[in-house]
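In what follows, a structure is listed as structure tokens, so that the remarks can point back to it.
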Amino acid sequence: MRLLPLLVGFSTLLNCSYTQNCSKTTCLPNAKCEVHNGVEACFCSQGYSGNGVTICEDIDECSESSVCGDHAVCENVNGGFSCFCREGYQTATGKSQFTPNDGSYCQDIDECSESSVCGDHAVCENVNGGFSCFCREGYQTATGKSQFTPNDGSYCQESMNSNCHLEHACIAANINKTLKRIGPITEQTTLLQEIYRNSEAELSLMDIVTYIEILTESSSLLGHPNSTTSYKDAHFNSTLTEFGETINNFVERSTHKMWDQLPTNHRRLHLTKLMHTAELVTLQIAQNTQKNSQFDMNSTDLALKVFAFDSTHMKHAHPHMNVDGGYVKISPRRKAAHGTTGNVVVAFLCYKSIGPLLSSSDNFLLDTQNDNSEGKEKVISSVISASISSNPPTLYELEKITFTLSHVKLSDKHRTQCAFWNYSVDAMNNGSWSTEGCELTHSNDTHTSCRCSHLTHFAILMSSTSSIGIKDYNILTRITQLGIIISLICLAICIFTFWFFSEIQSTRTTIHKNLCCSLFLAELVFLIGININTNKLVCSIIAGLLHYFFLAAFAWMCIEGIHLYLIVVGVIYNKGFLHKNFYIFGYLSPAVVVGFSASLGYRYYGTTKVCWLSTENNFIWSFIGPACLIILVNLLAFGVIIYKVFRHTAGLKPEVSCYENIRSCARGALALLFLLGTTWIFGVLHVVHASVVTAYLFTVSNAFQGMFIFLFLCVLSRKIQEEYYRLFKNVPCCFGCLR
């Protein structure tokens, strides 16, 4: 009984908040009746406002402009509203209709993610709420416009002015247009994705040139992350991969037909810019890594490898790269720095098919099919790049770089060389192959090994003008060195003989003496300085000295021929007058030729290969021309002398058989061949038609010319034998040999 009041009170409390259907009150259709504390009342449904009895008006939620958020349209309906994304936008779930209370919002649709959205020969540019299509250079729509949207039925077709890409003004205009279009992009990843996406499709010549310029102009942005923090491993790898694939798109084999349309100097300019930018950006990206790392990427026509390490790991780091059957390795001067801390980045790039683009031929597509093209140097290997960036710069200094590269094709009949692409950052249009600072250590038919003292882009060159194989070339080099050393010794003995033996002094020995002096100096300078090509000024001076001394030697050979002719024919001459003119002709005329040549083309003295005259603009003929003239004169004199001597010998000694006369004349003729320099005719033949036979004949006969002169003028001369006998007769070790 005591609990009854509590139950009654609790029941009353429940009735105050209990709602039930109305029985007396009538509400509008958009309202509902509810009972509260025993009182009936009408309430408008959600989305309506009013008293529920006489009025229930729809609430216009769309009157608040921001109710659906950005890039959305609000649509009011009875009792509510719906949000619709504008064209070009959608929610994260891919829907176009939503209500904001579920957390959805509209974001831009990247229509350009579908590569074919604009059709062939077009580039897609994504913008907020849509996209635009641009025809590539050389193409336009039927209306002549370059910009369009595909839903209007437009597409890109070849322009009537499709040769515009060959004009500098057209190239510059397209570059400026593209720079203006992507100029607002200030984020590294976005810019890289934009360039990569546009390089994926089939590229025209204008596309290649334009985006190489974009890469060059944007190298500072591409090489640095979007914030001050370092790269995470995943971001570092993905960024380098995407950058490497972008470079690969510009140099892959399918683009070679486009590159062929550019003149050689323009082709080299843009390739130099591309290689320089690739090297620079790769180093910059790698400098922002968080820790010691290594990265590898291998695409169809480009391979990339990066080493990043700090000073504590230097002694364990061995930067190297295996490339297409080859190998490249960097050796630093020191592998550990005492008390110095810092970071080091080493980057290798291998361009697998870029070689033909950098060959000396104007039409490399045809040249690659012709192994016998004259006057060309062809790249027969991959082109590799090696670069170092250390902080501080002295932390990791280069001692040498060694590499072995496989040949693209066999080169058993050609000479190979180690070369690097020599260019200046301020003058990239002057890029060319050079051998300075590089040394060939080994070569066979399939591979060549090199050692260089600097870093840049390296390759193996094949000289297609040479018909001499590597083995023959090495043998000829050794023969030349040995022959010149022996000749120098023999010429020194000849000079001593003709200078100090008073009993044999005559006009003839004076000529012999000057010939031997000129030839001795020429061969000495050749032996010491022919390969000193590291310093252009020194190399030019050596080339000038060689030019003068060899011409002087030829001049005295000519004097030998003229003097012998005068003796044989029996012309009476004034010795004093003749001596004076001999010296003028022997030493002054070569000086005039060299001085005149130097005034016209001093830059042609010394080449990147050897310190000799350049073949450019036929400058080599400033030596070959006078030499050929002297050889011709001496050949005529040689013929007359042999004829006169043979007839004279046969007339004086009729009892001597014809065979003996011929034998005597043959021995004299052989002596004259070397004395008059007529053996140089083999050199002329080798220039006209190079062959292994002419190479060996020229090398042996002229490298040993000093030895032959010593044999015929000294050893086989009775007068000089007597002088040697008198000189050495009191020397016990020599007397027995001279008896």
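Here the Cβ of each residue, glycine as well, is placed from N, Cα and C on the backbone.
With respect to the membrane, Swiss-Prot annotates V645 and Q721 as residing on a common side.
For C83, the cysteine that Swiss-Prot lists as its disulphide partner among C62, C68 is C68. Checking C112, C135 against Swiss-Prot, the residue bonded to C124 by a disulphide is C112. Among C85, C118, the cysteine that Swiss-Prot records as disulfide-bonded to C106 is C85. The subset of recorded positions (C27, C118, C133, C135, N430) lying with their Cα within 10 Å of the Cα of C124 (disulfide bond) consists of C118, C133, C135, given in sequence order. Most other Cβ atoms within 10 A: among the disulfide-bonded residues C22, C74, that distinction falls to C74.
With a threshold of 8 Å between CB atoms, the same-chain residues lying at least 6 positions outside the topological domain 'Extracellular' (535-548) that come near it are 522, 525-526, 529, 590-591, 593-594, 597-598, 602, 605-607, 611-613, 622-623. Taken residue by residue, the domain 'EGF-like 3' (108-157) breaks down under DSSP into 6 helix, 18 strand, 26 coil. Listed in sequence order, the recorded positions from C33, C118, N298, C438, N444 having a Cα within 10 Å of the Cα of C135 (disulfide bond) are C118. Sequence-distant neighbours of the topological domain 'Extracellular' (603-622) (same chain, 6+ residues past either end, Cβ-Cβ under 8 Å): 417, 433-436, 529-533, 536, 538-544, 546-547, 593, 597. Comparing C-alpha positions, N237 (N-linked glycosylation site) sits nearest to C450 among the disulfide-bonded residues C68, C74, C438, C450.
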